[in-house]
């Protein structure tokens, strides 16, 4: 049975002993040679499972690059122009990108290094094995919150794009028709398309969503870049420097959200044909260069086109009658409609694991109750996310919260894993190296905790000050 299957059935927490030290020692002798067999790889948007065992020869470097790029790029792209302008301009925004790109790449290598020590193939299993049972529970909860928040973001973006289509079809007063009202259209589309895709036990269609997702994101980037030169928009009031030092941190949640691919990085590494840190470093380099070019082009050109008036969803700033932008909206909406079930599947898997362990279900009971649990968990997840998507004003508010949570996956857990790995192993001959690794781990934990607290505080303050007001095209009064 694979590691992922063990976690769903509730066995993973007991599989390597009772303490982190025993976990690493036992896991190190559990397997050898090419690595973990029958890895259940979580890739696109942090969760889809693709069997890539060693006997299938594994994933080549080029394939791993595509998977990481696909996991990295996402709906957060739409918020980059607003984040850059809010932080003090394009120079500040790009600088923040570079900083987090470097920190994120190092974090991915740290988690891969720890996965080699404990011979597991998922992010949460690395945390569980290296850091212990309680930290593993916190990691699972963080994954649930992060995937749930991202699902809310997806529905909000669907509402944004449908509003623009309705404006194009019926004019600026479209929302006075009840069947074109945002709340109604969001609900109907979600119920008819998203909900049925969330019910199945597996999500084999993700291979199509993967290509569609990358294509739609690249199309949006091209449109935003080209429209700056050909759109005929008047010169914008572009922000060139931050008004205060704290403005710099406005871009942090968006950048963290955009560069959070680490839950996918561990299983991708486990599935690689050449499983070593050198090969992963090559994957990280090319994947991050591609991701940064896409994010930078969108953030810079979106900011130059609309300046400080750019909306949190940059596509809302464009004319509803622009056909090329409308095509981009349609492609992005289709991608999101298929990506939501993937994120839901990941969160549901972890949530179901909690229930199975709590009830201590036997394998027979687990199998017999699986369908009912799956339906109940799916319904609760879907209706709650739809409710919050209707009530929350825009994607900027959600990203500001889950962007801080992304910093936990990028910095806090990798830093703590590095500290534990150094402390629990036999001291090396190079004392300075061990001290440097410990210092790096402490730095990661400190920065990640600070970013989480800072982003959450800013989100609350902005909400209280009305900065996250609803950016509706049409409002019924």
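Glycine residues also receive a Cβ, built from the backbone N, Cα and C atoms like all the rest.
According to TrEMBL, the protein has these features:
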TRANSMEM  61-80  transmembrane segment
DOMAIN    63-449  domain 'Amino acid transporter transmembrane'
TRANSMEM  92-114  transmembrane segment
TRANSMEM  135-159  transmembrane segment
TRANSMEM  179-199  transmembrane segment
TRANSMEM  211-229  transmembrane segment
TRANSMEM  249-270  transmembrane segment
TRANSMEM  282-307  transmembrane segment
TRANSMEM  327-351  transmembrane segment
TRANSMEM  371-392  transmembrane segment
TRANSMEM  398-424  transmembrane segment
TRANSMEM  436-461  transmembrane segment
Close approaches to the transmembrane segment (282-307) from elsewhere in its chain (Cβ under 8 angstroms; 6 or more beyond its ends): 61, 64-65, 68-69, 72-73, 77-78, 80-85, 89-90, 93-94, 97-98, 101, 104-105, 108-109, 217-218, 220-221, 224-225, 227-228, 231, 233, 236-239, 258-259, 261, 265, 268, 272, 314, 317
Ranked first among 179-199, 249-270, 327-351, 398-424 for CB pairs under 8 angstroms with the transmembrane segment (92-114): 249-270
Whether the transmembrane segment (211-229) meets the transmembrane segment (327-351): three or more C-beta pairs under 8 angstroms: yes
Beyond the flanks of the transmembrane segment (436-461) by at least 6 residues, Cβ under 8 Å: 103, 106-107, 110, 249-250, 252-253, 256, 397, 400-401, 403-405, 407-408, 410-412, 414-419, 422-423, 468
Range from 61-80, 179-199, 327-351, 398-424 with most C-beta pairs under 8 A to the transmembrane segment (249-270): 398-424
Maximum Cβ pairs under 8 Å to the transmembrane segment (327-351) - stretch from the list 61-80, 179-199, 398-424: 179-199
